[in-house]
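Structure record follows, encoded as structure tokens.
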């Protein structure tokens, strides 16, 4: 069927040579390819593969035509499927282009190419179908169902429809996927739908007839939009009903079904029986809450509990507990070494008790499984219930058996009073039982060594194997066959063996063993003099527990320390072998630049391999040898390149384009461009013209060598040629001077001939090797200085011809008189032509022969400036470019090309890819008002940026002046758009992200040109490029959106009309559009347009200036009151119509956001992406042109095996670009950088557990298309949506790799409040991960060592951070208990106070607290990439800038939100803003954010430490007290002062006064119903309790138990009051509650009186106040007279009763549902307000003191902005509020 017969769309008019234009008015807009018109003049249609794919879709052939549908010959198989199954028209259009691009690109990559390129290759179709439907085929095999997709090879023979069937199945799946909306998160649900629709398709293809009607079979979903209405909407409605039941995610996870639950319903074959087909809403599956018949949770139940840590990673905890038990038993013996202790049979037998513990832990695990998963039990899952019961019974049985056998051993031992034969026989019986018990673990170890066998057993679907493995784990569709290869197994196993060996050795000798002797002493202490009423006679054992508790806590978490140490060194080692950091700076670049050109050609310029097999051992070995040669400059192929080589010219094109983008970004100046660029081969120069910064000083050194060495030509030239740059500098200077002199002297004149003759003589002497014999080398200095004078005259704007003549005369005189060694006679000079014919001419020789080129001859004067640089530079240009970012990017790019990466294919043969960026309502482009708006100090964003990026601002102003700006005021008028862009490109804006991602498009166009251009094209076009670039400098060449305004329509569209764009021949646009698509998911763009939001206009501006940019959004169309239709819409900007046009509009079943917002936004837009891969880019990211050049190489990684699997996610290195803003931003970026480089490097190799931690990873799009997409979206549980994509990938058998030869920019939060909100989000997300099925399955399905890696790199890091803080609490509470009870006195007398174990625990805890182990990866990574001394200096600088305070504060944030999320829930997305931090944050704002997470906890610790100092006998020694509590006090100080230290003007006295007033206003403002927490304390206080409203019963009980700790203060301190008279009777404590009652009573009375009388009857209010005061004084007087009461008791009692009141308040908050309706609640609120006032005053007290001290504010400013100082930030001007000069 001819493609030209698509008459329903008409003919599209001719368009520009680009791939993205719409048609004329009335014609349907197209996305990339104008499929509706094959005659369209579009560059993509020139590819025969595209035409073949289009023709393939039109091979409808003899397929039965759909009834009730107007069929015509212009329709294809997608129209055919749409007519039968009721798909939407725009879904069909979207997937048609999608499929054509997939097929065409796949056929382009065929190697060798097919014989007939105009025909769609059947193998391409079959491969695409297999990859797309691989998950469906696995699902069918798993369920034991026959797939409804027969193999095309078997079908081909039967019906001849093999390729057509493949196309039909592929098209059907894509159409289902394209319209599935939220169902795309449920891949097996889509498999179920596809299974039945494929079955109906088969019936149609086989011409079956309906038995009931006797007519040909029709699908069950038939008619307009039938698929959406009958299939998608019912399932969507079910999801929505469950989400509604979740109460916005606040309901317990166990009470409603999320996406995973509904998807896992289809993991059981019973779905076929219970659900059937077609779908009908009457089925139980569709019943939503509160229906009792509805289907409950499926596969897993998420229960909120800390026990999930144990349950998911039970093998880890069993190992730790068993070793602790065994080590304690061995150490108890008292031997110096453990093996000595194990020589005793008693010790050996005691260690067998670990099996009893092991069995008990198994019982605990079974109870936890049953207690959390009981709701999974139903009639259909009775076997699950049976297994739960049997596992508990088996565990109890083993516990009893081991207990009995163990007791029998000791019974026999004591009977025989020795280890008799019978006793030993009983030991053997125990060992036999233990052998049976550990048999499964032994088998697991064997299978670990044989991973292929384990994978086969897990992935096979034989029933017998399922029965055999039923006992050990539930059968799930995911998590099967996850074992890696033997080599990878051994690598990560050795890593963890080393880690665990170090950990257990340290734990035994420095934690456990030192605790044994003091424990024995404590247990033997008698006659303790208790200081309070002791309820139990002997509390030594409880004291031992308190003594051991901090040691045990550190023991349980310190694997994290050892993991950090070993991973840091392993990561540095892997990076070293990956050749990272070999080129660290421009000095090292100079040494390897000549080989860098060859490396660029080897890696980035494609090699035609039509007749050479790819991927073979031979080609890999050849590439490895060539790479080795270029890395070390070995061998002929990569020695030196000369200017006449095409290789050099292509290198110059790429290098100069990189420098051009640097100039467009204003990170280099015009002068630096000339110093950095590779000049084209002009002026007849015989060598490659290296950048000037490489040639600096080389000519002077050559002249010095020529003058000093008295050797001949050969030796001198060999000496000079040892340095390639010096050789080139000499030759280029000589050739340039020759050309220059002949250029400025008129051709045909006598002077011209003399110059020619002189140089002919020089050339002849050089050729004969007699130059040093015939000429005096010392005269070269004279010639050199005279030439410098001449060049200086030529580059001046106003040229003095007389001086030029004089200088030429001087050069001439030196050359023909002084230069020759032998003085030549007049006749000889005449003969040589060195003298004029007529020597009697009056005047100077060159007086009438000078003809200087016009000023508009830009190429000439550009070359003169280059010659001037070579002649005059006397020092190495190590400071070129000046900008640190430009230096970093050049160094990284050059270094990366010497690293191992796949060879780049031609652009036509590369894998196509898309970039997807989710966007909501963040900044797009800074407005004029935003740039000018000043904060309270008078500082605007623009002024802030000018001072941070001072050199870039200078470059920007230079560019604007070059483009026609005469006065600075014009920058706010004609150049306003450029100014806004400049500022936006330095913030975290959508504009910056789009600019960066569009570099891919620009790079692909250039690479496509280089691929297809002939040698003559390249060489000729480079000369044209030189001319174009020069003209660009004087003709506003870099205006607009960061680029030039070209004459071609296509070039008007580009983000940067770069110099290379002038060379493109047209087809490159089509190639680039086929290979790259950029979709920004602007979810609310539709509503922004309706509201006339400025963001909508700015997004339109971005589309207008970026032809490859597409915007997807959700459009809401109001049909009737209360009825809204939702559509996924894709738009672009049509350059012909000069407006935004709509490409596709796909109707959705309902509102988009059912789960988390970001993944839902990604999901709706992903149907508009194209290609085999998709890169996920966030709104805070950037990209670089030079890195975009390597994208082809990165995508080739998909064809390489990493272990036993090919990659499915390619991890990409990130560069955090926000580190220069402030010291705080530097700390954050350093921490983040070490994670995204060294951390992820180790996770990928050797640990094999790298996940997806965010952007910018590249996904195998087709692999994920059938497996749930690139993120998960269930409400709350998937709040950290990115990492769940990695979990999903790993569980489904994917492979995540990490590649560091390419990088993407990334912004991070730069203010403390922003960082804390980000940390809170991440910590809360990890808290939810603990509950998730993904983490549970990873913990159980991975082998032991990979499980350890997953734990310590995800939730374990946060759990162990919390353990560190708990260790501080445990230590301080334990010491406080011992001091108040009197036990510490007894221990001191017994000599157990000094303890090496406790010291090591405190040291470990303090080291972690200071962030030193966070810093270790930073130090090693910086050492690797920047050198050890630089890394060490950075580390020391960070410490002086109080980095440890920041890291300690961050630990508090993570601990608070992680613990609260696990305990109570309440995780939510927290928008951080990502703005610049130039504004002082008020204390009220900081208090709202940090009161509960830091301030209150710090005050609690401070009170405990104060009480301990007051009552501990050890504290009497100041040194001992400091040593014991320094880490705790450091934590207190950090948590209190960090929000002020890292707050601009945090210690300014005037700001302090304003903050105090603002805080008190906020405290007392009551507000109303709609009052926000920013304005009212009461609103904030209620919001802080939200987590208690949603928590469960166990969460509330545990919260109350934790709150009881505050009563210990009162119990311990009241016995220390003088009034107690030394009594330890319980009555003392009971009587102390009278004090509490009296205080509360007085407070209630005063509050009542104040509310009733203070306003109108003030005298009554004052009278009551006076009466209360008198009463208090009277009571105090009586107490002083008749009891032992002293005034000091008042202050001491405050430390007792204030914590008690706080504990009561916390308990009242938990009991709020019962208390709120009573009269007591008002008192609770009043007391809470009073406490927050007290807490605020306590926090503000040290701040007031520091603010009052002179000079402290300036010191704080220096600490906060020190890093910016080093880049020229004049922060003193910012703080003083001086304004910008603009």
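Every residue number used here counts from 1 along the chain in the order it is shown.
Here the Cβ of each residue, glycine as well, is placed from N, Cα and C on the backbone.
Since the structure is predicted, the reported quantities are computational estimates derived from the model, not experimental observations.
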Could you tell me which of the ranges 1687-1710, 1759-1782 is annotated in TrEMBL as transmembrane segment?
1687-1710
Do you know which of 430-453, 454-477, 574-597 TrEMBL annotates as transmembrane segment?
430-453
Under TrEMBL, which of the candidate ranges 539-556, 611-628, 629-646 is annotated transmembrane segment?
539-556
Leading contact stretch, 1350-1372, 1519-1542, 1687-1710, 1730-1749 vs the transmembrane segment (1593-1614) - CB distance under 8 Å:
1687-1710
State the residues, same chain only, that lie 6 or more residues beyond the ends of the transmembrane segment (1626-1647) and have a CB under 8 A from a CB inside it; answer 'none' if no residue qualifies.
532-533, 1610-1611, 1614-1615, 1620, 1664-1665, 1668, 1672, 1693, 1696-1697, 1700-1701, 1723, 1726-1727, 1730
Which residues, given as numbers and ranges, are at least 6 beyond the ends of the transmembrane segment (539-556) yet have a Cβ under 8 Å from it?
320, 324, 507, 511-512, 515, 518-519, 522-523, 525, 528, 1363-1364, 1366-1367, 1370-1371, 1373-1374, 1377-1378, 1381, 1383, 1387, 1397-1398, 1401-1402, 1404-1405
Segment-segment contact (the transmembrane segment (1519-1542); the transmembrane segment (388-409)) at 3 or more Cβ pairs under 8 Å:
no
Mind checking which residues of the chain, 6+ beyond the ends of the transmembrane segment (388-409), have their Cβ under 8 Å from one of its Cβ atoms?
349, 352-353, 355-356, 359-360, 362-363, 365-367, 369-370, 373-374, 377, 423, 426-427, 429-430, 433-434, 437, 471
Positions whose Cβ lies under 8 angstroms from the transmembrane segment (1350-1372), at least six residues beyond its ends
309, 313, 316, 546, 549-550, 553-554, 556-557, 559-560, 563, 1239, 1243, 1247, 1249, 1251, 1283, 1323, 1326-1327, 1329-1330, 1335, 1338-1339, 1342, 1401-1402, 1405, 1408-1409, 1451-1452, 1454-1455, 1458-1459, 1501, 1504-1505, 1508, 1525, 1527-1528, 1531
With DSSP as the reference, give the number of residues of the domain '1,3-beta-glucan synthase component FKS1-like' (164-280) in helix, strand and coil.
77 helix, 2 strand, 38 coil
